[in-house]
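Below: the structure, in structure tokens.
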Amino acid sequence: MHPEPAPPPNNSNPELPLSGGSSTSGSRRSRRRSGDGEPTGAPPLPPPPAVSYPDWIGQSYSEVMSLNEHSMQALSWRKLYLSRAKLKASSRTSALLSGFAMVAMVEVQLDTDHDYPPGLLIVFSACTTVLVAVHLFALMISTCILPNIEAVSNVHNLNSVKESPHERMHRHIELAWAFSTVIGTLLFLAEVVLLCWVKFLPLKRQAGQPSPTKPPTEPAVVVANSSNNGGITPGEAAAIASTAIMVPCGLVFIVFAVHFYRSLVSHKTDRQFQELNELAEFARLQDQLDHRGDHSLTPGTHYA
């Protein structure tokens, strides 16, 4: 009888290790130690290429220019929002004041029995006409430019600010702002004073009221007959009181307007000087970097 063949070797048998078991377990341990899943025998990654000094200068300059471009876009957006706010304020103020002037001119009732001074009616009519014309001009500018600025400001895109006409129409926007706030307001104050004179001047002293400039011993009939010859009537007193109140208010308004304009110009001038100093500092740093590059290239040319 032939002997039975030996069973095949089993990998799980600890008494019969495989010839390649040690290398397999070693490779597994090396993978666990390495942590990145790559065998230790793999070649290392090549180092990043060295950046030359001119390339570094170019990269730094491009980064600074990109930051400068973003700051310019932010400045353009601020100007756009400022122009939009000015146009909105001008349109509201002009519509309100011009409407009030028109209503005041229409609703005023002139006394046909009273002899008005010829210059009073002329000045009142001219002031009302100029007031309405100035405010309507400012309202027309606001109505024409504001929709274009609103259409651009509602688009959520940084580059859309270039499509807005606020830079090109800057003079028109400032003109509308000046007409509505400065000239229009001064004309409105003058309109109020003239309206008081036109409205209250026909009022005369009643028959039983004595004249304040004459003794009260005179008869009432004589006072009534001589009321037009001397003294101040109640209408004149009311008009003078309104004028005395409005003149200091007008002076205060003018002083405030001049002070506000000077403060605003001073603020803008300081901002311009600050931006110029920043540009000068940037130019100085750029010049230093350029000279440093020249110094770094000089020894190589010397040894060559």
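Using N, Cα and C of the backbone, Cβ positions are placed for all residues, glycine too.
Here's what Swiss-Prot has on this protein:
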type     : residues : note
COMPBIAS : 12-27    : compositional bias 'Low complexity'
CARBOHYD : N225     : N-linked glycosylation site
REGION   : 1-49     : region 'Disordered'
REGION   : 3-49     : region 'Required for generation of inwardly rectifying CRAC currents'
REGION   : 39-60    : region 'AKAP5 association region'
REGION   : 71-91    : region 'Interaction with STIM1'
REGION   : 275-295  : region 'Interaction with STIM1'
TOPO_DOM : 1-88     : topological domain 'Cytoplasmic'
TOPO_DOM : 107-120  : topological domain 'Extracellular'
TOPO_DOM : 142-174  : topological domain 'Cytoplasmic'
TOPO_DOM : 196-237  : topological domain 'Extracellular'
TOPO_DOM : 259-304  : topological domain 'Cytoplasmic'
TRANSMEM : 89-106   : transmembrane segment
TRANSMEM : 121-141  : transmembrane segment
TRANSMEM : 175-195  : transmembrane segment
TRANSMEM : 238-258  : transmembrane segment
Fill in the blank from the handout: Residue counts for the topological domain 'Cytoplasmic' (142-174) under DSSP, helix then strand then coil, are 23 helix, 0 strand, 10 coil
Fill in the blank from the handout: Other same-chain positions with a Cβ less than 8 Å from the topological domain 'Extracellular' (107-120) and lying at least 6 residues past its termini are 194-195, 197-199, 201-202
Practice task
May I have the DSSP-based helix, strand and coil counts for the residues of the region 'Interaction with STIM1' (71-91)?
Solution key: 21 helix, 0 strand, 0 coil
Fill in the blank from the handout: Residues outside the topological domain 'Cytoplasmic' (142-174) whose C-beta sits under 8 Å from one of its C-beta atoms, at least 6 past its ends, are 73, 76-77, 79-81, 83-84, 86-88, 90-91, 94
Handout entry: DSSP residue counts for the topological domain 'Extracellular' (107-120), split into helix, strand and coil
Key = 4 helix, 0 strand, 10 coil
Fill in the blank from the handout: Over the topological domain 'Cytoplasmic' (259-304) the mean pLDDT stands at 72
